Structures are given as C-alpha cells and as structure tokens.
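Copied over from TrEMBL:
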type: COMPBIAS; residues: 1-10; note: compositional bias 'Basic and acidic residues'
type: REGION; residues: 1-21; note: region 'Disordered'
type: BINDING; residues: Lys128, Gln191, Gly221, Asp252, Lys365; note: UTP binding site
type: BINDING; residues: His222; note: substrate binding site
Amino acid sequence: MSRTRKESAHRMATAIASSEEWKSSTKRETLGALEQELAKLVATTHDGPEMEMARKEMGGFLNLFSRFLRAKTQIDWKSIQPLPEGAIKPYKQLAPVADDQVASMLSKLVVIKLNGGLGTSMGCKGPKSVIAVRNDLTFLDLTMQQIQQLNRTYNVDVPLVLMNSFNTDDDTQKLLKKYANVKVSVVSFCQSRYPRINKETLMPIGKDMSSNDLEAWYPPGHGNFYEAFANSGLLDKFLEQGKEFCFLSNIDNMGATVDLSILNFVMNPTDQQERPEFVMEVTDKTSRLFQNSEYSTQTILWANLGAIKRVISNNELDMEVIVNPKHLDRGLDVIQLETAAGAAIKNFKYSCGINVPRSRSLPVKKSSDLLLLMSNLYDIDSGSLTFHINKMHTILLMQPTGKLESRTWSDYETLRECLEAICKIYEEFLKKHNPGQPSITYDVSNLFDFIDKLTDLSCMVLNKDRTYMPHNKEWIKEKIFAMLKNQASVQ
C-alpha cells in the first residue's frame, strides 16, 4: 500500500473513531438526562407501595431505553444463521399422553391470557375481550368456559391469569365479578405503564405519574410480561404453590387452548431430550394459495416459571427493542419502545419451537376475522371453536376452451355443492348437444372424459386453517367418484 493510501486510511479510521466516540458520549449524556427525568416522575407518586411500583417500572423503562441506545442501526447479515437441526419439532411426532398423568401435569400449569388490547380497530370501545364472538359470548366468556371445562374434566384447579393494561384494567375488574360462580380461579395484574418520549429530545413528554394525561403513557408490548408478572408478586406466589409452567397467548386467539400433547412435551421430556425452559408454537407460513418452508409465529408460548424467575433476578432478559413511532392528536411526534414476548426465547435453556397445525392460530385482528368465527364454518363447544368439516367453502375455476375469455368462476357453501354443480354442468352440456332426447343417462367414465377435455378445471377449498388449498382435475374426479358411490349405496 502506498504512503498516500495509508495516510488516507488512517485519516478515515481516525474520523470513524472520533464519530463513534461522539455518539457514545451523546448516548451517555442522553441516558443520564433520562434517568433524572424518570426520578422526577417517580417523585410525583405517593410514598409507599405506589412509589415502589413506580420505581420498579421506571427502572424497567430505563433498562429498555439503554438497550435502545445500544442497538445497532444495521443488520449484520453474515451473523444470520439457519435454525439448527431439531430446533423445530413436528407436532405429529410428539409422544402420546398417558391418561393417568394428565391431572398431575395440569396441577402444575398456569394459563395466562394477554388482555391489554382495546377493540378500537374493530370500531368498539373498551377491552377487546368483551367483544361478542358467538351467541353473545365474549372472548373472556369463551376463555372462562375453556378453563372450567378443563378443570371439571380432570378435577383440577388450573388458574387463569389476565395481563391487563392500564387501558383495560378497570373495565376488566368490573367484568370479573360476574364469574363468581364459575369453577375457575381468576387473578389479574397490570402490565407496566411506560412514558412516551419525544422523538427529537428522547425525553418523557409526561411530567406527573398521577395525572390523567393518557397520551403521555403506553403499555410496552407483550414482551413486558416477564417483568410485570414478576413485579406483581404472582410469579413467586405460583412457584410457592408448586406451579412449574405457564401457557401464554392472546385472549383473542380462539385456537390457542391448552394442548395436552405440548404440555406433556414440556413436562415429561424423553431420555434423549433436556427439559425445555421455553417453547414457541409456530406454523407454516402460508400465502393465500401456497405454502413454503418458512415459519410464522403467533404469541403462543410455554415457559418454565422457575426459569422466568432466574432470568429476571439475574437481569438476563435481553429482547430486541421495537421502535413504534406515533403522532399524537396534540401534534407531537413521539416514540414507544416495545418488546415481543417471543423474542425472549434466546434467554432460556433448551428452547425450541413446535410446528403446530394452523388451527391453533385463530387470532381476531380485524372485523373480517370476527365475522369468520361468527359464521357457521365453526362449531362451539365449552368455549372451544372447531372447524365444521362439512362447511368447506369452495371456489370453482373453469376454462372450457383455449380462449382466455371462456374462463369463469363460481363459489359454493360446501365442497359437495361444488361437486354436484360440476355434474350439473355436464348434464347441461349433454342436453344442449342432445336436444331431442326426453331423458339422458351417462356413467362416471363419460363425466370424467368431459372433465379431461376441459382446458382447465380446478377448485380452491377452504381448510380448517382458514386458507384455500388448490386442487386439480384428478383430485376433483376422486371426490366426485366418492360422492356418487356414496349416493348409490344410500339408494
């Protein structure tokens, strides 16, 4: 390397070092200033338990803000590695559950539902959990029915824990009074209330923790569960009672029920397997028509309570910070620092994922999701929704000739109606080409010849995972043959 190039490289390295030192100095000053502002906020609370809780929450926010300052602004793609072999376990390969062990396993379980969301995205006021899903039963009603059925069936007392936000806590406490006669032990706690910070200054916009200025505060995402659960005292309480695992999911996910096969997997590992401290349920990532090998995650988690206690006590919880910008009605741009519960997987030992059926993921995020659950596609029993196998909505796609303009589509309430419609199409074809015959008969081979001569015939059938699966001519012919054979046997 020439002297000129060496000097140029040295100047560049010096400039970068100087820039990084300036950034580090600025971040230290910002962190120090924030710490002072948070101390001022804590001082606005009343002495005693209120101030102690405020101190814990502002300490949690300071930790989160510190991680935000340390976060890299660019992704090091070279550090991204494929999942190791065995990191995702197929649900179908889970060991069978011994009936005589179910009650013992359930006695060590706590069910936790995330109940911090509002129904504003669907035009409703108040907690999302009070939206009616079926027969005037709300998400909370159905959840209570699920747990009660579990407790009655196995003569156990699985507790239900609701993690509320400051937006939903008051309304939820009032609603819980109506469940006094339900065989479910229900407790709740409130997740942290963190200060929104000015996008430019990175300082809190709120000045008083006791004020009613709700715009100054926000619930920091479901990743806050671990710290809020520990701060509430419930974690220690359940550990003292001998509880070992918690099952965590959103209250609006009606597919996320206690699964005994997964419970058995986390409670009773095989000889070749360490007991996992954290399990995340994942599904095949699915487009409207086709599936690929990637995985999609919902917040459906199983975590060891003792391990949660360890990572909180040792300050080992490290989750990626999600920066959520907001524009307030008062015209101010702010940011919310949030975390996702699933991101904690790296902080626990022997963690893994389980590739579960998509039927375990029935989240209701918009009105169309709710309408689907309200429809006759689903049956309801003891709070659990199951897909009605006889109500498979089907879309028929047909192109009789090589001309694109001959393409047509039609939809049917059930697969059977679609198959009968295909037979009807052939019968109309025969009538058109045999106008003088009073009656027309045909056998299945004639029908299949007609189908084969069509340029294209396919259908898309709605599955229990709420996706449409495409099927070709051969599949359609198999289904028609089975239908006609069944009709003949009935006659």
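Keep in mind that glycine also has a Cβ here, set from the backbone N, Cα and C atoms.
Note that TrEMBL annotation is computational and uncurated.
Taking Lys128, Gln191, Asp252, Lys365 as the binding-site residues under consideration, the smallest Cα distance to the residue listed as 'substrate binding site' is found for Gln191. Each of the binding-site residues Lys128, His222, Lys365 was scored by other CB atoms within 10 A of its CB, and the lowest score goes to Lys365. The Cβ of Gln191 (UTP binding site) lies under 8 Å from the Cβ of Gly116, Met163, Asn164, Ser165, Pro219, Pro220, His222, Asn224, Phe225, Ala228, each of these being in the same chain and 6 or more residues away along the sequence.
Within 10 Å of the Cβ of Gly221 (UTP binding site) there are 24 other Cβ atoms, across all protein chains. Here UTP is bound by Lys128, Gln191, Gly221, Asp252, Lys365 per the record. The longest Cα to Cα distance in that group is 21 Å. Contacts of Asp252 (UTP binding site) defined by a Cβ separation under 8 A and a same-chain sequence distance of 6+ are given as Gly117, Lys128, Ser129, Phe139, Pro363, Val364, Lys365, in order along the sequence.
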